[in-house]
Amino acid sequence: MEKQPLPSDDISKETEADGGYGEEDTQLASEPAARAGWNSKIEYFLAQVGFSVGLGNVWRFPYLCHQNGGGSFLLLYVLLMLVIGIPLFFLELAAGQAIRQGSIGVWRHISPRLSGIGYSRCCFVCFFVALYYNVILAWSLFYLGNSFQYPLPWEQCPEQGNTTVKECALSSNTSYFWYRKALDITDSIDEMGSFNTYIVLCLLAAWTIVCLGMFKGIKTSVKVMYFSSIFPYVVLFCFLIRGFLLDGALEGVTFMFYPKLEIWGDVQVWRQAATQVFFALGLGFGSIIAYSSYNPKNNNCHRDAFTVSTINFLTSVLATLVVFAVLGFKAKVKVQDCVVSNTEELVELFNNGFVDHSLMPAFNYSDSASVDVDDYRSWFKQFGSKIPVNLSDCDFEKEMQKGVEGTGLAFIAFTEAISRLPGSPFWSALFFLMLLNLGLSTMFGTMEGILAPLTDRFKILANNKTKFTIFSCILGFTIGLLFTQRCGSYFVTMFDDYSATLPLIIVVVFETFTVSWLYGADRFLDDIERMLGWRPYVVYKYLWKYISLLGMLGLLAATTIRMVMKRPTYMAWDKETATEVYLQYPDWALAVLTSLIIFAMLPIPVGFIRALLLEKNKRASRDSEIGQYSIVNTDESPMTDMANLEPPNRHASSLS
């Protein structure tokens with residue numbers, strides 16, 4: 001029997017007059033009367049952009065761009081954004097806005113048998129992400145607190161007596177501070193260690209901030225977003241201007257954007273680009289649906305999809321410019337230090353008679369600080385191999401190729417560059433305050449993706465939303481203590497790599513298939529036409545049904561094959577050698593990460609089986625009623641014909 005279309009409300013003239021935003025929108029017939037709404041379009045944009053623009057734009061995208069061909073990767077990213085990212089982003093925006101429910105309500109309406117998609121998102125995937133994401137905010141708070149001192153505590157290696165601490169001397173001052181002072185990390189995930197008191201307190205502060213920003217729903221969180229969504233852009237532009245004034249910035253940016261077209265033939269590059277598009281827009285979390293559900297029905301969500309996606313992409317490019325301008329400066333300083341050190345060592349060898357005068361360079365080596373890098377490298381290529389000790393080439397490109405991502409970029413490489421700037425405490429505080437605000441905006445969206453669907457679905461939670469919010473934050477902090485152990489960062493890596501990636505891809509595959517094939521792409525476009533007053537381009541039908549769906553299936557296959565073919569590894573810190581090493585997860589850890597994936601996916605088959613059982617019970621009840629009528633009625637009674645009539649269509653997921 002044909003499904004009912006998505007609910008469509010008549011928009012009042014008053015609503016249209018003020019652009020569709022205001023108090024009157026909370027009284028639409030298809031939603032609870034108490035449901036909140038955005039006071040203005042600006043609030044909605046701040047929330048949606050704040051959620052989609054997160055830490056990944058600052059420390060993941062620049063790394064991928066750097067490792068995968070620079071400008072070539074940008075072109076590939078834009079292509080995948082157009083054929084996969086924006087169509088699926090538009091799909092989620094339209095579904096949330098049309099049905100005006102969280103992810104659970106949306107999928108109960110579109111396909112009751114697949115209502116588990118909503119539960120999988122909010123109860124597991126979003127919650128898993130919130131657990132470890134807030135730990136990153138705790139780390140940012142720790143560094144922010146340590147930024148208000150001069151000199152910065154990671155500028156120099158500590159000393160024991162008259163000697164430098166061995167672990168710091170073998171690595172670097174920023175690596176030592178990160179691994180030993182901030183995390184006090186163990187050598188492997190097998191060594192649990194005690195709780196890190198400072199990180200526990202920072203995690204408590206992070207969850208407190210999230211709770212205060214969320215305890216009254218979007219009405220309070222959006223007030224925070226006026227600052228948390230705008231402030232990072234102010235900081236990025238400040239760093240951009242300061243960065244381009246630094247020596248080496250132009251070389252860093254040039255290195256970044258130098259195209260390498262051959263990377264288009266690498267399947268792994270396509271997988272990484274598609275994964276970044278997927279996570280950059282926040283597809284599959286349910287937060288996009290939750291935020292758009294507060295929109296008025298005539299809001300142009302098609303334009304919103306392009307606007308938010310464009311802002312997201314431009315933010316990634318802006319962050320990449322900032323990162324490589326600053327890293328270019330760091331590389332230039334390190335290369336110059338390398339030249340000075342090698343020149344001094346060469347002079348010492350010459351003075352001691354170990355180097356012949358004919359091998360000495362023509363430039364003025366008596367003042368090592370004034371030696372030009374190009375002059376040194378020209379000499380090194382000609383005579384370097386004849387010197388009795390191993391002098392280095394001092395190559396700028398090799399220094400730039402030491403790419404780091406994620407926490408390594410933020411807490412090691414970038415902090416080292418900042419420590420070399422004049423007024424380093426100011427720039428450090430600014431940087432970590434930016435990270436904190438980027439994370440907060442994403443956390444608000446993630447928590448809304450958890451709270452909105454459950455409060456929409458269960459009346460008791462809606463009536464006690466403040467208590468439910470506080471309880472969720474307390475639960476998140478309690479479970480999050482796992483990540484504050486000395487081995488906690490290894491669990492953060494595990495959750496980041498496995499608890500979200502594969503489950504989210506599977507969720508979006510089900511989502512796309514359900515809308516485009518089960519519900520019907522044409523019918524969904526009809527619903528959007530009734531909602532917006534105009535019909536979106538027919539190309540979306542083919543993108544949803546074929547291109548985007550096949551793209552997500554390809555990403556799912558590539559990710560699964562990679563996980564199965566190669567035993568999962570994590571980066572550990574070896575205290576003795578003071579180096580980062582890759583270790584394989586032990587068997588118990590593999591069991592944990594497998595359980596994370598299974599638990600995240602469990603609601604989908606459970607919801608499917610439950611829906612089938614409910615349908616079976618309804619059919620049995622209906623057959624019983626028909627049987628009763630056939631016994632009571634006689635052949636002459638007109639009720640005999642009524643018994644053969646099909647019962648009215650009771651749409652199992654229609655909103656009341």
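Using N, Cα and C of the backbone, Cβ positions are placed for all residues, glycine too.
Keep in mind the model is a prediction, meaning the values are calculated, not measured.
The annotation Na(+) binding site is assigned in TrEMBL to GLY50, VAL53, ASN57, ASN312, LEU438. As annotated by TrEMBL, region 'Disordered' applies to 1-26. Taken from TrEMBL, the feature transmembrane segment applies to 74-95, 116-144, 198-218, 230-257, 277-294, 306-327, 426-447, 468-492, 498-521, 542-565, 588-613.
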What residues, ordered by sequence, lie under 8 A Cβ-to-Cβ from ASN312 (Na(+) binding site) and sit at least six positions away in the same chain?
VAL49, SER52, VAL53, ASN57, ALA280, LEU281
Check for me, if you would, whether the transmembrane segment (468-492) reaches the transmembrane segment (198-218) - at least 3 Cβ pairs under 8 Å, residues 6 or more apart in sequence.
yes
Select the range from 74-95, 116-144, 426-447, 498-521, 588-613 that forms the most Cβ-Cβ pairs under 8 Å with the transmembrane segment (306-327).
74-95
Report, as numbers and ranges, every residue of the chain located at least six residues beyond the transmembrane segment (498-521) whose Cβ falls under 8 Å of a Cβ in that stretch; write 'none' if there are none.
3, 88, 91-92, 95, 107, 110-111, 114, 117, 120-121, 124-125, 128-129, 132, 275, 278-279, 283-285, 540-541, 544-545, 548-549, 552-553, 555-556, 559-560, 563, 568, 593, 596-597, 600-601, 604
Around the recorded Na(+) site, report the further residues of that chain (criterion: Cβ within 8 Å of the mean position of the Cβ atoms of GLY50, VAL53, ASN57, ASN312, LEU438; site residues excluded), sequence-ordered.
VAL49, PHE51, SER52, GLY54, SER229, PRO232, THR315, SER441, THR442
What is the Cβ neighbour count of GLY50 (Na(+) binding site) at a 10 Å cut-off, with all protein chains included?
27
Given the cut-off of 8 Å on Cβ pairs that are 6 or more apart in sequence, determine whether the transmembrane segment (116-144) and the transmembrane segment (542-565) share at least 3 such pairs.
no
Applying a 10 Å Cβ distance cut-off over all chains shown, what neighbour count does ASN57 (Na(+) binding site) have?
26
For the transmembrane segment (230-257), which recorded stretch in the set 74-95, 198-218, 426-447, 542-565 gives the largest number of Cβ pairs separated by under 8 Å?
426-447
Other CB atoms within 10 A, centred on VAL53 (Na(+) binding site):
27
Please figure out which one of 74-95, 198-218, 426-447, 542-565 racks up the most CB pairs under 8 Å against the transmembrane segment (277-294).
74-95
